[in-house]
Amino acid sequence: MTLKELDEKTVKELRKIATSLAIEDNADYGKSDLIIKILEEQTKRGGNIFAEGVLEIINTGGHGVLRSLKLMPGENDVYVSGSQIKRFNLRQGDFISGQARAPKEGERYLSLLRIEAINNESPDKALSRPTFEKMVPIFPNEQIKLETNQHTLSTRIIDLLSPIGKGQRGMIVAPPKVGKTWLMKEIAEGVAKNHPDVHLMILLVGERPEEVTDMERSTKGEVIAANFDEAPEMHTRIAEMAVSRAKRLVEQGKDVMILMDSITRLARAYNITAPPSGRTLSGGFDPVAIFPPKKFFGAARNFEVGGSLTIIATALVETGSRMDEVIFEEFKGTGNMELKLDRKLAQSRIYPAIDVKASSTRNEDLLLSTDVLNSSWRVRRMLDVLGDKESASLLMERLKKTKSNSEFLATLHEEL
């Protein structure tokens, strides 16, 4: 039974099929999961191996390899022939499910025999899907609300003063030791809780291994990482694979968010791996190396018809490295949302260490209602007469006294 035939059946009918195939706990699965489990069991009974993974196309050979969701090479990778790639219009980043056979003598990988699904849909749909680069981009016009509870102030401040919309290209400007990792976790929690329909990906480039483990355990998103002790080629590779996977999901009409730490480390990796141009900017940075990370960051956009790709990336500043400052200057103006973290606030133990005056979103009027927008501007005017520490402390103190942003804005109206 093919995926197309299974897709036409109701969940009740699929559960009956799953029961007949002795698939345990099938009542816990949704329709798409049930279909994959049935295909997997059918494949096993036919004597083949059920394989799935993200397609990486090898440019030198024209063939491809299915990687795990971690996007790293492994011993269970599956070979995909060039003829299959052409026949089904496969693209890098496609999530493919199908039947595979064990490697023969002298072969390195399992080999894909039959494609059952592409991005959990019938293979036929891949032939007529749109191309990401040809879709029409528009300004973000639907807010991603991050507020979760009374005490998580960071996401409440973001929603009020620097809102994030679907398709946002945002930058978190972060000096060392100001709580950016904690902030990313809270943003991830807000997305997972308030927008379960948004496909969340967390991309960690050049991160510490223990931070990767912590992120995997504390967030519900798809964590993709290359540690700081891995080769720079691995850093650039997983970033390219991650954005390719995101693009394929957007082509399906899905909303995707990539939380990235950090765009600075990615640019450093490209500075090492890119062919030298013979020119060097201040700090030893080759100007050619800035274009690939800009292409990555520039992929974030909202589409007139279809899905959206939101990228929120951290940029490292005040590290003592001239190269990092050059990278930040190159990315200034490329985003349409900026959240600035302040080292002085963090040193004074004011958390979240958000510089509310320097943080903002372009075209925020498309994301916030008229009442909320006017209230947001009123808050900014009130804080503008105070110093950075005083304004941050006052805002947080007032937010702590209210259970939600709506209650905070209501009390603000009453006072005025």
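The chain as shown is numbered from 1 upward.
Placed from the backbone N, Cα and C atoms, the Cβ positions cover glycine too.
Please treat TrEMBL annotations as automatic predictions, because they have not gone through curation.
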Among Arg208, Arg217 - the residue TrEMBL places in the same ATP site as Gly165, Lys166, Gly167, Gln168, Arg169, Gly170, Lys177, Val178, Gly179, Lys180, Thr181, Trp182
Arg208
Lys177 (ATP binding site) CB neighbourhood, other CB atoms within 10 A:
11
Should one count Cβ atoms within 10 Å of each candidate's Cβ, the binding-site residues Arg169, Arg208 would be headed by Arg169
Work through the binding-site residues one by one (Gly165, Gly167, Gly179) and point out the residue whose CB has the fewest other CB atoms within 10 angstroms.
Gly179
